[in-house]
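I have a structure here, written as structure tokens, and I will follow up with some questions on it.
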Amino acid sequence: MACAFVAKSGTGVQSTALVLAAATLAAGAVCTWSVLKGRGAGGAYPLLAMLGALALINALSLLWSANPDASLIAAGRALAYLAVAAGAAFLARRWPHRTHVLLEALLIGGFVICAYGLAARIWPGSLGKDELGAIANRLGQPFGYWNALGGVAAMTALLALWQATRHTASESGRALAVPALGVALLALALTQSRGALAAFGAGLAIWLLAVPRRAASAAPLFVAALAATPVAAWALSQPAFTVRAASLGTREAAAGDFGLMCLALVLVLTVVGALWVRLSPGWTLPIGVRRRLERVTTVGALALCALALLGIALNAETVTTKLERRIDDLVSERAPQPTEGAGRLVATSSTRSAYWREALDLFSERPLTGWGADAFEITRLRHRHGPLGARHAHGYLAQQAADLGLLGVAVSLLALFAFLPAAARTLGVGRRRTLAALPWDDQRCALAAAVVVSLAFGVQSFLDWTWYVPALALPALACAAFVSALGRDNAEVPARTPLAPAWRRTLAALTAAAALAAAWTIAQPALAARETERSLQALAHGQARAALDHAENAQRIDPLALDPLLAAARAEVALGRPATARNTLATAVSRHPQDPRAWLAAARHELVVELRPDRALELVKGALWLDPESRSARELFLTARARLHLVCVLRARYAAARSQSRPVPLANYAISGCPPVSQRGKAR
């Protein structure tokens, strides 16, 4: 919950760094304590090794990154993910049969987040005020991003389904899992996130196919879906949930009815859940009938999903024609965007095709190492075909291919291949053990639920940039590491490493030092960003000297950042030192040659401060080459060219007047943006 309410979607540098640094320190303390006690990470070492290799590649990409500051942030994020995964692995070896504790904590946190997202539409003036914007119709609080909330809703729905079928859970816990499932499904539908819907569908299919609790899963799933469907259908027919720029008045008009429907949904599902828990133990069916019912439930659910999707997609057209059109919409950048509302959930067109095409273009330029971790935001500008902005490629593999090339893609796939065999060993799947050979007790079902949550996150990460949302990535990695660490025997007695006490103390000290170093790496860009903000605030209040001091502090904290250099140049201009500001901007261009912001700032300084349109024109050409669709660069280019043309005209007139020996007042040619002419008639 801290990740959701503080770090939100992971785009805020300072808030995200605070959460990741705290998580790193907490996980580092767990790892240090475990190493000191002589406990290992079991079967999670291959997964941790691949996550460590990914963090190392992110850090090494600073050497060739087109956006080194973003690469430093990516390296810190990767270190935080590694620390949390390692902490979960060590905890799994210490408490191997507490998988349900981890899943229950994630279920409670996910339910609170989904409930808050729905409450933001019941009280839009207070809880939902941050949603007012260009895309205000889709549910997104507390993240401010609908796909992130959709991912949490998908995970929560899967965990609620597991909780409802857990035999050792309390009656109240099983009963409350039914309304939690309904709330999660309603939130999932109102986010209109197709990636999250695909993740939930994939996780549900794996759960129904692998875990023999299909009949027990069918009842709460059917009841929750039946109760949530009319509420979602009504909401998706209202302007408050379908109009992009819905005003506060429009949203408040539907808030009362929506709140009553949500309250009725929770009350009805709570009563149904209590009745189901009380009555279900008396319904004992023969084993043969139960197995046939489970098979029918699985096949029927999958068939209904397939028929529903096929029926919506086909309408009255042929299969081939409709599928071809859907594929064209999926890969075409010019396909019309899907409409808002229920129809969006089955549409195939999106902006992902443009982002993925840009990522492939960048990959073709540097196929081995890429352009540096998280450099996609600025390197894509040369390849975009419109003013649409994006920080990520909306797909983990596409982003890795553009940023880290084959190296990053290979390590990411190796991490997946390290997790899958470890999860199979923990669940008892292998040459000598099959899914049916071991009893499906609650511990094994809990481990299967943890695997399902991790795989659902992987499915959504393939379609979206949820890897960069800590509230989604951290739980998924914790589940994956927890399952991987247990191994085939589920570690009844935590194994101890054969290291001597002195070696354990040394290794524990190194672990603590590594955690502190990782926390500093995470906090470094955030501290620099805070100093830069203070510099701009001081400059806005006319305190140029203080602004320069804050900008210089930011440069010392994070020498790789561009924003402190730009802030320092503005402060130097305010102090009356344009030459120093020009040198600072030249440093910014030399350190960040792939960032059009540096070229644009230098060109604007030459045009406005130095009054040199010729220099400004040369610099703005660099910005236009890096970002041909930049409106600011185009306007600056036209202004600089117009002023340079005016300078040439005035010079020609002045030369003609001098040749005729007529006195010409110099004041006639003293215009803004033109190089001044000396008393001898020579242009500087």
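Glycine is treated like the rest: Cβ placed from N, Cα and C.
If you look up TrEMBL, you'll see 260-411 marked as domain 'O-antigen ligase-related'. Feature annotation from TrEMBL assigns transmembrane segment to 17-36, 43-64, 101-123, 143-162, 174-190, 196-212, 219-238, 258-277, 298-316, 404-424, 445-463, 507-527 (among others).
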Across the domain 'O-antigen ligase-related' (260-411), what does the mean pLDDT come to, as a whole number?
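Taking every residue of the domain 'O-antigen ligase-related' (260-411) together, the mean pLDDT is 74.
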Top stretch among 43-64, 219-238, 445-463 for CB pairs under 8 A with the transmembrane segment (101-123)?
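Highest pair count goes to 445-463.
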Which stretch, 196-212, 404-424, 445-463, tops the Cβ pairs under 8 Å count with the transmembrane segment (43-64)?
404-424
State the non-local partners of the transmembrane segment (445-463) in its own chain: residues 6+ outside its ends, Cβ under 8 Å from one of its Cβ atoms.
99-100, 102-103, 106, 147, 150-151, 154-155, 158-159, 162, 165-166, 194-196, 198-200, 202-203, 206-207, 210-211, 213, 352, 394-397, 416, 419, 423, 426-427, 472-473, 475-477, 479-480, 482-483, 486, 490
So if I exclude everything within five residues of the ends of the transmembrane segment (404-424), which remaining residues of that chain have a CB under 8 angstroms from its CBs? That is, six or more out.
43-44, 46-47, 49-51, 53-54, 57-58, 61, 363, 366-370, 372-373, 396-397, 430, 447, 451, 454, 458, 480, 483-484, 487
